[in-house]
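Over in TrEMBL, the protein carries these features:
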ACT_SITE  80  active site, schiff-base intermediate with substrate
ACT_SITE  85  active site, proton acceptor
ACT_SITE  100  active site, proton donor
MOD_RES   80  pyruvic acid (Ser)
């Protein structure tokens, strides 16, 4: 698999290992129809679509349905990952989207997901993570 986090330039013959930086978007969706939030197949499809529209490279999407209700959906991205945890009984969901590099737009992914699920409202915050070049050499 190709690394999607841009690597720093080669310095004094050292092999670049990538940037240790990314954006982690944390969101809460509210006012979503209970049947939408309890439909694992729909959630898998919608999450994959909005992540792709936001520039992410989706590798795999899995889902697990809970009893009596609720779904967790996980998307493995070339850029990192995304997750959705639903609470149909209150019409809400927690969403995390973490991406490295600047190709994927995690805030856009959350906005698109909120619209696609018919959310009445959503809040999100973005955490800039990392601090530059990752170097595992000792």
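Start at 1 and count along the chain as shown; that gives each residue its number.
Quick reminder: no glycine exception, Cβ is built from N, Cα and C everywhere.
With respect to their backbone Cα atoms, residue 100 (active site, proton donor) and the residue listed as 'active site, schiff-base intermediate with substrate' stand 7 Å from each other. In this structure, 85 is the one among the active-site residues 80, 85, 100 with the smallest number of other Cβ atoms inside 10 Å of its Cβ.
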